[in-house]
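Asker: First the structure, then my questions, so here it is.
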Amino acid sequence: LKFVVLICLVIMASTSAQQCGDETCGAGTCCAVFSQNHCRRLSRMYDLCSDHADASPSGNYLFFCPCEPGLHCDRNTWTCTEGSSRSE
């Protein structure tokens, strides 16, 4: 039974992680591309951000991570805000 639990934990950890250059990004982070790839935390309220739709095919973002859950990236200011994800 302990072996089964261990296998489940390994599978859960591997599905929530993202390879980012030589690093593996965990939950609450993304792979942001500068001159090299770096794991960064998801953007918070008023932080600069990338839109979820702007991810590369490999799942990387240019410069900034998307916003953490409950926020959206305002395409006018490129900052995380609350409310509707539509630009007005």
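Here, residue 1 is simply the first one shown, and the rest follow in order.
Glycine residues also receive a Cβ, built from the backbone N, Cα and C atoms like all the rest.
Annotation source Swiss-Prot lists signal peptide at 1-17. Under the heading pyrrolidone carboxylic acid, Swiss-Prot lists GLN18, citing experimental evidence as support. The disulfide bond annotation in Swiss-Prot covers CYS20-CYS31, CYS25-CYS39, CYS30-CYS65, CYS49-CYS73, CYS67-CYS80.
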Asker: What are the sequence-distant neighbours of CYS67 (disulfide bond), meaning same chain, six or more residues apart, C-beta distance under 8 angstroms?
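Answerer: Non-local contacts for CYS67 (disulfide bond): LEU42, SER43, ARG44, ASP47, CYS49, CYS73, CYS80.
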Asker: May I ask you to report the DSSP-based helix, strand or coil state of CYS65 (disulfide bond)?
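Answerer: Its secondary structure by DSSP: coil.
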Asker: Fewest other CB within 10 angstroms, which one of the disulfide-bonded residues CYS39, CYS49?
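Answerer: Comparing Cβ neighbour counts within 10 Å for the disulfide-bonded residues CYS39, CYS49 gives CYS39.
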Asker: How big is the Cα-to-Cα gap, in Å, between CYS39 (disulfide bond) and CYS20 (disulfide bond)?
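Answerer: Here the two Cα atoms lie 7 Å apart.
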Asker: Work out the three-state DSSP category of CYS49 (disulfide bond).
Answerer: coil
Asker: Given CYS25 (disulfide bond) and the residue listed as 'pyrrolidone carboxylic acid', what distance in Å do their CA atoms have, once rounded to a whole number?
Answerer: 5
Asker: May I ask which residues of the same chain, at least 6 positions away in sequence, place their Cβ under 8 angstroms from the Cβ of GLN18 (pyrrolidone carboxylic acid)?
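Answerer: The list for GLN18 (pyrrolidone carboxylic acid) reads THR24, CYS25, THR29, CYS30, CYS31, CYS39, GLY59, given in order along the sequence.
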Asker: What does the structure give for the C-alpha distance between CYS20 (disulfide bond) and CYS65 (disulfide bond)? Integer Å is fine.
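Answerer: With the alpha carbons as reference points, the distance is 13 Å.
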Asker: Once the DSSP letters are reduced so that anything not helix or strand counts as coil, what is CYS73 (disulfide bond)?
Answerer: strand
